[in-house]
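> Can you read through this structure? Questions will come right after.
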Amino acid sequence: MDNNQAVSALWSCASATCLSLDAKRHSLEPSSPDGQASLDVNNKSAPVDAHARKLRHIAHTPRGSCFMALLLLLLLALNFRHAHSCGPGRGLGRRRERNLYPLVLKQTVPNLSEYHNGASGPLEGVIHRDSPKFKNLVLNYNKDILFRDEEGTGADRVMSKRCREKLNMLAYSVMNEWPGVRLLVTESWDEDHQHGQESLHYEGRAVTIATSDRDQSKYGMLARLAVEAGFDWVSYVSRRHIYCSVKSDSSPSISHVHGCFTPESTALLESGAEKALSELAIGDRVLSMDTKGQPVYSEVILFMDRNLEQVQNFVQLHTDGGAVLTVTPAHLIAVWQAERQTLEFVFADRVEELSQVLVHDATGELRPQRVLRVDSVQSRGVVAPLTREGTIVVNSVAASCYAVISSQSLAHWGLAPMRLWSTLQSWMPAKGQLRSAQDKPTPKDATAQQQNGIHWYANALYKVKDYVLPQSWRHD
């Protein structure tokens, strides 16, 4: 049964239920003066709009109101349609099954040196039990992982936070791929110097893994699952095990997991004034972009992140019109595809020279300008405002409010609960109305009261994404 048939059947069922309830009510009331009941449910010639009249009547009773609310929710759920967006994702709805191809012996992903910045990054130094950095390592007690622990010291459970995160993700994938089989860790942090002089095992950033059944035919796929889990470098190093490693927890490329702008970047208010992002407050209406690429003003409903002290790597885009946008690498930027006449959202670190971004010009329109130069810079402070529209124009350049996930429409859908909550809050009495006029906070006070750090909901979405989205949809 398709959605339309289901909706039709549900509506018919609801109508019949309402009619029967109404008939029962009228059977307990006096007849009309002409001796006929108010409603003859057996009358085949009754007007078609009788259903609507009865539904309206039922909706005015307490029980009927609950029934109608549930009915509406069911109708909305059954009549749900995929969202369309100019973003590059596949849209909302059911994810297509993807074919995962196992790695072959001696293959590495990515095909770079392990110590390259595009892989796990450079060595930072051996960590001993008495090293100051040892306290930054964590223990992994995941019951879905077997730790061989040949040394009997528990060292195989010791690892960096990022390594634990990716290992737990891999354990989940292994159980789904092979029911009854668990992930086996044969080596993690090494304090006995049993590896080469340069090894990330000494920093708790590397693991060697296998499956609990020791079935070597599974190891190629195990390596692929490790890639999907987000390990920064995976090697099918031998027929006996797989080697995986991660970036340092202090690496600038992962120290900030969400997309943000610099605090000194500016947004255009509806009043025509420009305001630094560090001074924006919830409720400000700023220039944004609608789904058709047209400029609109949209309300700031929350800050997904705000940290004025965080030192972070940024991508800096320079356009031929003089606009400069500084943004974190995983942030989505609106890019105009002239050949296809479409607008797509692309990760900032994947925007290339001669790409076209939308810039708010003197005419008040958003028009394409070519990117002349792409730089990498480091700066202090990150701010990530979320508008109701899901987009924002910063330093005159149109950008998404979202990052990490490649689909603008999917990210926007994921923040729907926060938009709903913001709407509900707008219906409630404002805090200022409960105080005297003298105590009402000023906009400057409201800005000062902004949260410091990642918003709890944005952080929750970040943690969930690895479980529900393939790596190709993520910026890892």
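In case you wondered, yes, glycine gets a Cβ from its N, Cα and C as well.
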> Starting from the Ca(2+) 2 binding annotation in Swiss-Prot that includes Glu187, Asp190, Asp192, which of Glu124, Glu151, Glu228 is the extra site residue?
Glu151
> Among the recorded positions Glu150, Asp156, Glu187, Asp190, Asp305, which residue has the largest number of other Cβ atoms within 10 Å of its own Cβ?
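For the recorded positions Glu150, Asp156, Glu187, Asp190, Asp305, the Cβ with the most other Cβ atoms within 10 Å is Asp305.
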> Using Cα coordinates, what distance in whole Å links Glu151 (Ca(2+) 1 binding site) and Asp192 (Ca(2+) 2 binding site)?
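Here the two Cα atoms are 9 Å apart.
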> List only the single closest residue to Thr186 (Ca(2+) 1 binding site), chosen from the recorded positions Asp192, Gly259, Asp305 by CA-CA distance.
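Checking each of Asp192, Gly259, Asp305 against Thr186 (Ca(2+) 1 binding site), the shortest Cα distance is to Asp192.
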> Between Asp156 (Ca(2+) 1 binding site) and Asp305 (site 'Involved in cholesterol transfer'), find the distance joining the two CA atoms and give it rounded to the nearest Å.
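Rounded to the nearest whole number, the Cα-Cα distance is 35 Å.
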> Which has the fewest other Cβ atoms within 10 Å: Thr186, Asp192, Gly259, the recorded positions listed?
Asp192
> Determine, using Cα-Cα distances only, which of these recorded positions is closest to Asp192 (Ca(2+) 2 binding site): Glu150, Gly259, Asp305.
Glu150
> For Asp156 (Ca(2+) 1 binding site), which DSSP three-state class applies?
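Asp156 (Ca(2+) 1 binding site) sits in a helix per DSSP.
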> What subset of the binding-site residues Glu150, Glu187, Asp190 lies within 10 angstroms of Gly259 (cholesterol glycine ester), using C-alpha positions?
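So the list reads none.
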